[in-house]
2 protein chains.
Amino acid sequence: MRVRMNISYNGRDFSGFQYQHDYRTVQGTIEKQLKRMHKMPTRIHGASRTDAGVHALDQYIHFDTTIDLPGDKWAFIFNRAMPDDIYIKDVDIVDDDFHSRYHAKGKTYRYKIYTGAKNPFYKGLVTHVPDQLDISKIKEAAKDFVGVHDFTTFSSAKAEIKNKVREIKQVDIIKTEAGLDIVITGTGFLYNMVRIIVAYLLEVGRGLRKADTLNMIAQKDRTIIPKTAPAEGLYLEKVWYENL
Amino acid sequence: MRVRMNISYNGRDFSGFQYQHDYRTVQGTIEKQLKRMHKMPTRIHGASRTDAGVHALDQYIHFDTTIDLPGDKWAFIFNRAMPDDIYIKDVDIVDDDFHSRYHAKGKTYRYKIYTGAKNPFYKGLVTHVPDQLDISKIKEAAKDFVGVHDFTTFSSAKAEIKNKVREIKQVDIIKTEAGLDIVITGTGFLYNMVRIIVAYLLEVGRGLRKADTLNMIAQKDRTIIPKTAPAEGLYLEKVWYENL
């Protein structure tokens, strides 16, 4: 049978989601517990392969098992075994054709920024931008991301995928007590796309660039936005499925 | 001249305040920057030698220097050089006889606890107690700590100091959104004293022990409270000086 887990994790002490030999990863940590239970390797699949330092408030994984347990038992057993920085929110037994990645219709990412004096307790959790930010300018630049675009300008040169057309459904710029959250929902994202969009929006907010999003997109040239915002402020906030 | 710095730090990634060769410590990090500026070793003294994993919202250090700079310049230079988890809040030039440790009249520590489901983002910052806590029982046990007592029962067996009499001025049990803060102010604390007091109060709150503080103190026996609460929830909240 197939098991789907809804999990959250603090990415600060993980070398990302994806398994890497000799590194502490989310996949590796969960698969280690599955191996303990199955006495054999069990592979998991995640909706998003978050990078090193990136957090998840709402990630989904699935795996196949011969162990017949109800969802809440899986959650109980896992939460006792998991380290402090992974939490199993919910577990369901799902149809055998469910796939956490292929069935995801979209994802929402939140990028957390704080401004002003440094706060040591935000280390690894919120990105520090000492400068004052012009929020109206950031909003002006952000709205033009919405729509179907070729996002070559806003994807890592390392992205090997050919088709760089994606749809962004919504971008919200939210003033918080500490600074600013940038919340982006799309049908899919290219490698580093959110962090490059954020790097661009922060340069606009700091007055280092004008709001010129459609022109940037049209140029399809990654070199015109060389920066990538740090991983620490990025949260996978929601994965959208048809029936969830 | 003598310089006093008021600093805060996130203890999560430090092996404590005190210098240790080959370990990342708060003292080592600050002294490295001082060495860079003075081209020779410069020793700092802290009000409290916080343990590995313990945080500081309001720690004081002092050192002697031949570099003639106003306080705000020291703060500016240091904050540019310090890592993400140390922040220099304020710097003053003080009298040559000021001593951050010997002149401290008292200290306030805050211990942060959260209850209920695990929150991965509290890792290293707030201690998790899954059980429900009986706050009225904790308050009942806490109030009897106030006063002048021999705290042998509540100090680490490793404490080498002979005189274990200390005065606790105030203990507050504060309900928070996440759980509970325990705030203790005293004229001085023995090694691990706050964390042993918290371990005892949590056992009372979980119904594993009755509130019997005065009897515990009277026994002067460390073995009757063998636990020490984890470092991650502990914050040095304030150092009290006569003229501050």
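Just so it is clear, glycine is given a Cβ too, placed from its N, Cα and C backbone atoms.
The annotation active site, nucleophile is assigned in TrEMBL to B:ASP51. In the three-state DSSP assignment, the secondary structure recorded for B:ASP51 (active site, nucleophile) is coil. When other Cβ atoms within 10 Å of the Cβ of B:ASP51 (active site, nucleophile) are tallied across all protein chains shown, the result is 18.
Counting every protein chain shown, the number of other Cβ atoms lying within 10 Å of the Cβ of B:TYR109 (substrate binding site) is 25. Taken from TrEMBL, the feature substrate binding site covers B:TYR109.
Residues or ranges marked as domain 'Pseudouridine synthase I TruA alpha/beta' by TrEMBL: B:8-102 (among others).
As annotated by TrEMBL, domain 'Pseudouridine synthase I TruA alpha/beta' applies to B:141-242 (among others).
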**OP:** Take the C-alpha atoms of B:TYR109 (substrate binding site) and B:ASP51 (active site, nucleophile) and report the distance between them in angstrom, rounded.
**Re:** 13
**OP:** Please list, for the domain 'Pseudouridine synthase I TruA alpha/beta' (B:141-242), how many residues fall into helix, strand and coil according to DSSP.
**Re:** 32 helix, 31 strand, 39 coil
Subject >> Structural state of B:TYR109 (substrate binding site), classified by DSSP into three states >> reply: strand
